[in-house]
Amino acid sequence: MASVLPASNTSMRSDRNTYVGKSFVHVKNPYLDSMDEDVLYHLDLGTKTHNLPEMFGDVKFVCVGGSPNRMKAFALFMHKELRLTDSEEDIKDICAGTDRYCMYKIGPVLSISHGMGIPSISIMLHELIKLLYHARCSDVTIIRIGTSGGIGIAPGSVVITDEAVDSFFKPRFEQVILDNIVTRSTELDKELAEEIFNCSKEISNFPTLIGHTMCTYDFYEGQGRLDGALCSFSREKGLDYLKRAYNAGIRNIEMESTVFAAMCRLCGLKAAVVCVTLLNRLECDQINSPHDVLVEYQKRPQLLISKFIKQRLGLCDQTS
């Protein structure tokens with residue numbers, strides 16, 4: 001599974017001259033190239049212990065999602081959809097040496113879990129982006145597929161994000177770096193969003209729309225819920241906040257999109273966020289749909305992104 005290098009004192013630095021004028025992943029860190037070794041600790045990978053270009057150099061699509069089980073299921077689904085000849089038993093967790101994240105490679109597709117919330121996904125993204133950089137990957141598309149709370153739309157709807165906004169409805173990500181607040185743009189690739197939306201037109205069994213996605217730091221009070229261990233506002237204020245979000249064009253709420261958009265944009269990755277809604281927050285706070293219904297909902301972004309990937313690969317005429 002893992003391509004491991006023999007012990008060596010030689011650095012795994014790439015030939016950066018090959019990056020000029022090409023759509024390679026890049027990093028915004030002047031110190032990386034002076035490092036003799038880069039240990040991707042939370043992924044259980046490294047530039048001296050693994051041949052990253054050999055293992056990952058052909059990756060064109062990266063799909064990330066919160067749940068390890070869901071991303072394993074997506075990997076198995078993509079294996080079937082791409083009709084690969086190797087056995088499903090050969091699909092192993094590349095990050096099995098750590099319990100932080102899981103990672104599966106299916107042909108040109110990488111499926112990775114990121115946990116819940118901005119801190120967890122940002123750690124994964126730092127190491128994932130460095131992995132793609134060291135592996136000299138080019139023309140990579142990265143998509144977050146997940147779940148969310150809808151605002152004013154039916155449960156089970158799939159939202160393709162055109163703009164990731166913060167809790168003030170602003171398209172920005174504020175990162176505390178040392179003792180400064182650094183603000184970064186959360187602009188996503190609009191052409192990519194439209195391309196995915198066009199793919200959805202061929203899927204008739206669930207609604208898909210393009211809208212703003214609000215990213216919060218919390219699942220409960222930060223999203224205006226009344227059912228957490230703490231609640232410091234009235235029912236009326238919470239509902240008013242959600243209605244104002246709807247009027248601002250926000251159609252769903254989750255906890256990762258702003259940092260995902262900001263980091264991908266800075267590192268030259270075309271990125272999209274595609275999430276299914278599990279409930280309408282204008283009607284309730286708790287997710288109380290039957291388990292089998294929720295499982296089917298969670299498959300919807302996977303189905304859509306599978307169709308998108310197959311179309312990109314020229315396999316759109318194949319049926320599973």
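From the backbone N, Cα and C atoms, a Cβ is placed for every residue, glycine too.
Annotation source TrEMBL lists domain 'Nucleoside phosphorylase' at 60-310. The average pLDDT computed over the domain 'Nucleoside phosphorylase' (60-310) stands at 96.
Residues annotated as disulfide bond in TrEMBL: Cys95-Cys102. There are 23 other Cβ atoms within 10 Å of the Cβ belonging to Cys95 (disulfide bond).
The phosphate binding site annotation in TrEMBL covers Arg100, Arg144, Ile145, Gly146, Thr147. For Arg144 (phosphate binding site), the same-chain residues 6+ apart in sequence whose C-beta sits under 8 angstroms from its C-beta are Cys63, Val64, Gly65, His114, Glu256, Ser257, Phe260, Ala271, Ala272, Val273, Val274, Cys275.
Under the heading substrate binding site, TrEMBL lists Gln223, Arg225.
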* Structure fact -> CB neighbours within 10 A of Arg225 (substrate binding site), counting all protein chains shown, number 18
* To do: Within 10 Å of each Cβ, count the other Cβ atoms, then let me know which of the recorded positions Cys102, Ile145 comes out lowest.
  => Cys102
* To do: Between Thr147 (phosphate binding site) and Gln223 (substrate binding site), find the distance joining the two CA atoms and give it rounded to the nearest Å.
  => 14
* **Cα-nearest neighbour of Ile145 (phosphate binding site) within the listed recorded positions, Cys102, Gln223, Arg225** => Cys102
* Asked: Sorted by position, what residues of the same chain at least six away from Gln223 (substrate binding site) have a C-beta under 8 A from it?
  -> Gly149, Thr216, Ile253, Arg281
